[in-house]
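The block underneath contains the structure these notes are about, expressed in structure tokens.
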Amino acid sequence: MIRPVAWLLRQPGGPQAARRAVWVVLAGCPGFSVLNYALHRQTMAMFAVFGALPLVLFCTLPGPPRSRVRVLLLTLPAGLLAVTAGTLLAAHDWTAALGLFAVGFAVSFLGAGGPRPAAVAAALQLYYVLPCFPPYVPGQLGDRLAGLTLGFLLTGTADLLLWRDPPPVPYRTFLADATAATAEYCAATARLLDGEGGAGGPGDDAPAAVREAGLATDHALEATLLSRVPPDSRPASVSLRDRGLNHTRAAVGHVRTRLDGVAVDAHEPDADAARLLRVSAAGLRHTAEALRSGSPALTRADDELADALVAFDTDRARRLTGAPAPERLRQDAAVRAVAEGVLVARQAARIALGDRLDARWRRTAGPFAYATVPSAVWWWRRLSVHLTPRSVLLRNALRIAVALACARLVAGALSLPHGFWVLLATLSLMRTSAADTRAALLPAFAGTALGALVSVGLLEAVGQRPLVYALLTPVVFLLGFGFAPVAGPMWTQAVMTLTFMVLFGQVAYPGWDLPALRFVNVVVGGLIGAAAALLAWPRGAYGQLRDDIGEFLVRSAAGCRAVAGRLCHTGHDGAADVLLPARRAMLLAQATHLEYSGEAPRGGTAPPTRPGARTCSPGTPSSPAAPSSSAATGPTPTTRPRRTRPPN
């Protein structure tokens, strides 16, 4: 037994699977056993175990255990509402299907609000699915709600008692590394303007120190792209902290870009510009220290940099009385943009670390307007961006809702016993493209068939002896959910089939035909999911990516023209946000790109990494004065960890 466990712990994801298997045992077995054998409340027992299993197996919540438990407690009312709706609407097939359409769409689309709503979406859908089939017994609603509540409480308690996974590296640590690297690049550019080493651009003629600092900054900033960061570390919610982190990343990226412009025009020494860059580099170092330690006090005051910026402007105005060269004007503008970007990055970091917005930045149209708006408002703004037929998130929600409603009608029309297996198969096997859905069917069907064969042998061998099934349940949970996720999806389906059999065997002897019935239900549900994926946007994000990127470029070009018109006083509507259409198009393109990166490669080619990934990945800088769309509305919803699809 020691060698298989050692093998499991060496596999990628093995330690997490082992912890999750123990978590399933502690959350599911005690409540079920006590309610079923001590209190003889079978309905309550079933809802206790099926209340815990989706939370443990299908919900990958970010954060430490205390944070996860807090989210579970906040999710409990929604789960109770889903069970209530499913129980009351089970009277007729059409009412259950309509309710399933509403629940399926709402839960899926609201999951766009961040990683936590997305993580619990599958569980909430299952809580409606379980009671929405005959028999229609509203009198059991109390037992169902009590069992679900107990399942939630046991899940949270077990999570607190188990050993902790290694804590993920905080995003602010990645951001601190990028900020520190940008500070070194800023300092190297300052030395270049001081006349230390040859002048020249960032190409072959640039000093080695400047080139190396620029490359190091590029690598550090690449590590902060949300597509490169582990899911547990991504600042993907609409909280003020996460918005501040995304804004800091955008400002630091802008500083790095402007430093390239300084190096390009560094044709002669400039002591004033070098002095401002040195102060800016010091400000970036302080910001990096604050991000790494988590203390906003380490960012220090903006007075030194602000004073240096005023002095630079004064000297620049004096020089403008002459006839400075265009290269010098461009260099001055780039240096000033660097200093302004550092000021914005410093304040954004303070917001991300829990400090209040400085009074000097409190402007309605300023770069930190988001710091004065409640998170609920920003959550709605994020969702409203995707209320368009072009949104892949809206399409996914509609596809899931229609498929689940149709599956419920088919299961009712065919009078399939245990018809919830049909919906489980539809929910778990349907992907965002027809090709991916088709590829998922064969392993699922094979795994279900294998599990059914093993279950038939088990049922024939054990017979009607509930105590044996009770003893087998923790063993199946521990071994099955520990090794199956590492072994592959086929084995996961087999374990799920065996799990249902050992649980049902303790309530009522299921008979040898139940495994065969489960296989039929899984096939029906899988085919319904495949049909839905084929009929509703079958190409998935792959078919939408070019259109969304093209639309983003068109909107960006229109925004550039509008900004230029305002600067030249030729614009007409001075109150409108001329960049809002471009930001919305950017969010849609980001969502499509991230979904595309999760789909199977087409034509044997992997999704692009660079430069396309940098262009479309959340966290790409726009400008320090106008925060990126990720900072303003929160990062694109698909930066959340993709929810684990439940095995049917």
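Glycine residues also receive a Cβ, built from the backbone N, Cα and C atoms like all the rest.
Caution: TrEMBL annotation is automatic and unverified by curators.
Looking up the ranges 498-517, 518-537 in TrEMBL, the one annotated as transmembrane segment turns out to be 518-537. Residue ranges 21-39, 173-191 are listed, and TrEMBL annotates 21-39 among them as transmembrane segment.
Of the candidate ranges 45-64, 71-88, 467-487, 45-64 has the most C-beta pairs within less than 8 angstroms of the transmembrane segment (21-39). Secondary structure counts, DSSP: the domain 'Integral membrane bound transporter' (409-531) has 104 helix, 0 strand, 19 coil. Long-range contacts of the transmembrane segment (518-537) within the same chain, counting only residues at least 6 positions beyond its ends with a Cβ under 8 Å from a Cβ of the stretch, are 395, 398-399, 402-403, 406-407, 410-411, 414, 416, 418-419, 421-427, 429-434, 436-438, 441, 444-445, 448-449, 452, 493, 497, 500, 543-544, 648. Same-chain neighbours of the transmembrane segment (45-64): 20, 23-24, 27-29, 31-33, 35-36, 71-72, 79, 83, 115-116, 119-120, 122-123, 126-127, 130, 143-152, 154-155, 164, 167, 231-234, 481, 503, 507, 641, 643-647, counting only residues six or more beyond its ends whose CB sits under 8 Å from a CB of the stretch.
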